[in-house]
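One structure, pasted below without further comment.
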Amino acid sequence: MNQTISSRAPQKRLAPRLLCVMIGAALGTLSASSWAAAATDSTAENAKKTSATAATAKAEDSKTNDTITVVGAQETFRAGGNDLIPTYLDGQVANGGRIGFLGQQDARNVPFNVIGYTSKMIEDQQANSIADVVKNDASVQNVRGYGNPSQNYRIRGYNLDGDDISFGGLFGVLPRQIVSTSMVERVEVFKGANAFINGISPSGSGVGGMINLEPKRAGDTPLTRVTVDYGSASQVGGALDVGRRYGDDDQFGVRVNVLHREGESAIHDQKERTTAVSTGLDYRGDRARTSLDVGYQKQTIHHMRTDVAIGGATVIPEPPSSTLNYGQSWVYTDMETTFGMLRSEYDVSQNWTVYGSVGASRNEETGQYGAPMLTNNNGDATISRLYVPYVADSVAGLGGIRGHFDTGPITHKVNLGYAANYRTTKSAWNMSGQEDTNIYNPGVIGFPQTVMGSDSQDPQLTSQVRASGLSLSDTLSMMDDKVSLMLGVRRQEVTIRNFDSGVPNSAGSLDAMKVTPIYGIMVKPWEKVSLYANHIEALGPGKSAPYQYNGKPVVNAGQIPGIIHSKQNEIGVKFDNQRYGGTLALFEITRPTGMVDPATNVYGFYGEQRNRGIELNVFGEPVFGTRLLASATWLDPKLTKAADSANNGNDAVGVANYQLVFGGEYDIPVVEGLTATGTVVRSGSQYANEANTLKLKPWTRLDLGVRYTMPMKDTSLTWRANIENVTNERYWESVEDSGTYIYQGDPRALKLSVSMDF
């Protein structure tokens, strides 16, 4: 155990503490100013209540049955910029989100499938990470990393690395692997290929969709919220969320979030610690709008239960007890990130706006990793230790001009944008030999000694990746916006330089360019119904060629063949009557895959995976006091051109052939402020190899909860209790793309919290 401690990077505690002290001082100033505004706020609140009472009386006069229809009046929304889509009814869902460089868009007005999940949902479900949020969407599979705790995703059957989640439309700014939700206002899921709007992500993932996060902003109403929470088995946390606006017209805003949580998780002996601090400043003038977001996050996991490598198993074994930790005490990870983003836009005229943003981050990670590798079907395995320090520095930018003009009966909405991201990574490694273990009876293994490693244990340069693209779009609207046609083109470049412990690897370099189009159409035959179709593509750099294939040298070993060019066609229908809405979509995405041609022993994009699917999502409040959030995805993921021709027509690795999510809330009438919640998730089977001889069974998980909002004088108190995996199901949740690792679902866990607003 002493060896484990000695191998860690020095702990950096001074900066976060100083930052917390500075924020505390700022909060004291904010609190003092809030007392001065209390009388004004009280008057405004009384006016709101009077208005609401009048509206209710009017509704009573006009109703013809026992059903009460509640339609929320949406606030002013400027499409194309950074203003967030107004929330839907109770505030948990927004029907739209960021469409890359096209900015925030209402889903009813664009030929794409996009939805946003809000901070209210995050709070009500006590969702601590992005994975906790997107589990509400059947189009998204939660997938884990390669022997580490990283949260990856699979959208429409294709992988999205956690490193490739965007922040305000910028890649590479967020913490990697796991992102805390404490500073997040929106989690937006764009479903489908997205090269035209987003370009190439740093890792090249996101063929089937993208996740974007938007930061919290100070609202018009002053906010001071203190939250205390508890989670199984002994995690305790506290959070502070403060927002204020200043100026004659409330043009200046400040939002501060502070979080700390630590303790043992529901998995035995696995201890987790999270610290996150963020500050968001913004200015909203008549013509200029700007914002600055800075943040710090540190996450530590000790005695971590990682994935299980399939290894020599010929069948997928039954999962162990859901709480059993088959990791070892020396397995840990420490991840620390400092990041920031600056965004601005300026209206040069009534019809034209220039915009720009820039962001950067530094990620530092160190850890001792060890995942059991099965040697037979009885749970026997071997485990070895891998030490990997890792450093990544990223910077990204976006700029352009958007506007609109008319040519006769046609309105043109034009956007010209340029985006770029650049990332450098450094790493080192050492590893031990193998030790025997068993996933059902892991025992205790001492810290294994190093037997091999890189020349230097200080992280050395391993890669440099730069991606940039110039995009032009024109959305033509006619017939009072009942018909719109989106046309666009993007010129995308990518440059990759790989290194071997700081030494350039000329074979692993790439300089490539692709031009990718977009065309989509939206037709509104009725006020509440929209029909749409699109063709859009995805781009990403391929992997380096292997050095050997079937015991023979590969001709272009180590080389990157070029850019993988995937294509999507989609049609769908959307419905929205401001009480409830939804989308039904049918799509096909084809993606080339890398493989060695047996005839020439040359590596190239000779393979192909084709995913065809149907998506359905429904949200809203069809009956007053009853809210629904449900979705379903059916996929036919086929290997149309496999490395082994005998596998042609088989299902792709790791893609569940269906996933169903049914969530709901019910306001209990007899107790004002009391709400019962529940979510059922059903996932279909997944194959763990291309031969389709290894298969993960379908699984079902039930989550239940209750919350109670207790009004108090000048404050409100909200109690929340959630139980995840109520029946404590044992199941293998997912398998990663190569079929190497399977990951076990989390055990039953209790979450409790109380929040006070004052």
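In case you wondered, yes, glycine gets a Cβ from its N, Cα and C as well.
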For the record in Swiss-Prot, which of the ranges 66-73, 394-401, 554-561 is the motif 'TonB box' one?
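Within the set 66-73, 394-401, 554-561, Swiss-Prot attaches motif 'TonB box' to 66-73.
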In Swiss-Prot, one of 471-488, 615-632, 741-758 is tagged motif 'TonB C-terminal box'. Which stretch would that be?
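So the range that Swiss-Prot calls motif 'TonB C-terminal box' is 741-758.
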Taking residues 6+ outside the motif 'TonB C-terminal box' (741-758), which of them lie with a CB under 8 Å of any CB in it?
123, 126, 143-144, 146-147, 223-232, 265-267, 305, 307-310, 316, 319-320, 322-323, 371, 688, 696, 699, 701, 714-735
Summarise the domain 'TBDR plug' (106-216) by DSSP state, stating how many residues are helix, strand and coil.
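Tallied per class, the domain 'TBDR plug' (106-216) gives 22 helix, 40 strand, 49 coil.
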